[in-house]
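Among the features that Swiss-Prot reports, Mn(2+) 1 binding site is placed at Asp14, Asp330, His331, with the record citing sequence analysis. According to Swiss-Prot, the feature Mn(2+) 2 binding site maps to Asp289, His294, His342, an assignment based on sequence analysis.
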Amino acid sequence: MVKKFKNVFMIVADSMGIGKDQKQESFGDNGANTFLHVWQNYDLQIPNLKKLGIEALVSLKDKNEDLKPQAYVGKIFAKSNAKDTLAGHWEMMGIQTKVANPNFIEKGFPDELIKELEKAFDGRKIIGNENASGTEILKRLAHREIENNEIIVYTSPDSTLQICGHEEHMGLENLYRYAKAARQICSSKSIWNVARVIARPYVGQNGSYTRTFNRHDYANKPSETLLNSLQKAKIQTIAVGKINDIFVGQAIDKVYPPASDVENMDVAIEIAKTKKENQFVFVNLVEFDSHYGHRRDVIGYGKNIDSFDKKLGELLEVLSDDDLLIITADHGNDPTFPGSSHTREALPLIVYSKAFKNPSYLKTLLGLGTSGNIVARNFGLKTIETGEDIWDKLK
């Protein structure tokens with residue numbers, strides 16, 4: 001058994017799936033493999049991920065048994081009956097999603113819900129109400145929202161209700177107010193209870209519009225998670241990126257709001273440099289999913305992996321023997337796959353510390369809570385039921 005670490009960093013490469021899992025066919029995603037298909041279409045430059053052992057999980061070449069990974073690496077199969085951000089992150093912290101939240105991709109949101117939303121949106125007429133790409137719907141409808149004081153509402157293959165608002169014409173505060181009201185309305189009936197209401201601010205004019213990083217997610221409030229246990233044990237919980245929104249601020253001590261993946265990695269690097277103790281740093285890198293997976297931009301996805309690998313190298317340099325790093329993912333989103341939605345896939349688990357003596361390949365593991373259990377055991381807490389306990393294998 002390895003020693004206890006003073007700090008644990010968990011980085012979620014949002015949507016970085018690694019191929020088939022036990023439920024892939026039932027989700028209609030047979031053949032999806034996000035990382036492999038990106039690698040087949042883009043010449044990845046990833047010396048740090050290779051050093052840690054990514055090629056044991058997915059590679060263009062036959063597995064090389066002579067590879068000596070510097071981290072423990074394994075594949076995880078999710079337990080939850082879902083393939084979305086909320087289900088993935090919640091499972092990491094101890095909550096299994098057995099029944100997926102409703103989605104509205106076939107017919108849009110029902111008239112009764114639309115009427116309730118329009119009342120809450122100061123009488124603005126809702127336009128859109130369809131399954132759409134966020135960037136595409138702005139091209140079609142943003143001018144109407146601005147000129148007529150209407151409001152774009154749309155959904156995605158995930159369980160979401162997304163609301164657009166121009167930062168100048170509508171104003172961020174109004175957009176956030178509408179999104180909070182929509183969360184309350186959706187939560188009032190089980191048939192409307194989407195996993196997330198998302199405020200999608202944008203800027204621009206004359207047909208040229210860009211979404212900004214002032215996005216906010218309003219999720220259902222989870223029951224108590226491992227984060228609560230950490231907080232009660234006086235371990236500082238630090239949320240970087242979307243993490244605070246995903247857990248509705250519950251049991252989060254310090255928040256670094258969503259930014260680019262590079263900027264979120266920079267936050268992790270700066271935290272590591274402080275050499276403080278008793279910290280759990282939970283990082284989400286959303287651009288893999290939002291900018292490249294959903295948009296089916298395989299080259300962009302590859303470039304983002306390269307950028308992540310470069311920042312990963314900087315992080316590895318500043319981590320000490322007293323730090324533990326976990327890299328994983330919440331679901332897949334294969335940019336070569338038909339459609340624009342998430343893909344059900346196996347997910348990576350990479351566990352690294354300079355203190356490890358002889359890291360090795362792990363067997364396939366059941367439950368994203370496996371990563372959470374590493375955190376729990378490190379800080380002397382009770383394990384969670386949504387994953388396996390591999391702590392005693394880390395040496």
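Along the chain as shown, residues are numbered 1 onward.
For all residues, glycine too, the Cβ spot is worked out from N, Cα and C.
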## Note on the structure
Counting other C-beta atoms within 10 angstroms, the emptiest spot among the binding-site residues His294, His331, His342 is His294
### Query
At the Cα level, what's the spacing in Å between Asp14 (Mn(2+) 1 binding site) and His294 (Mn(2+) 2 binding site), rounded?
11
### Task
Write out the long-range same-chain contacts of Asp330 (Mn(2+) 1 binding site), meaning residues 6 or more apart in sequence whose Cβ is under 8 Å from its Cβ.
Val12, Asp14, Ser15, Asp84, Thr85, Ala87, Gly88, His89, Met92, Leu347, Leu368
### Message
Give me the sequence-ordered set of same-chain residues, not including Asp289, His294, His342, with a C-beta within 8 angstroms of the centroid of the Mn(2+) 2 site's C-beta atoms.
### Response
Asp14, Ser15, Asp158, Ser290, Gly293, His331, Asn333, Ser340, Ser341
### Message
Long-range neighbours only, meaning 6 or more apart in sequence with Cβ under 8 Å: which ones does Asp289 (Mn(2+) 2 binding site) have?
### Response
Asp14, Ser15, Thr85, Asn333, His342
### Query
Helix, strand or coil: which one is His294 (Mn(2+) 2 binding site) in, per DSSP?
coil
### Query
To test your reading of the Mn(2+) 1 site: which residues beyond Asp14, Asp330, His331, same chain only, put their Cβ within 8 Å of the Cβ centroid of those residues?
Val12, Ala13, Ser15, Met16, Asp84, Thr85, Gly88, His89, Asp289, Ala329, Gly332, Asn333, His342, Leu347
### Task
Would you count the other CB atoms within 10 A of the CB of Asp14 (Mn(2+) 1 binding site), including those on all shown protein chains?
24
#### Entry: Distance from His331 (Mn(2+) 1 binding site) back to His294 (Mn(2+) 2 binding site), taken between C-alpha atoms, in Å
12
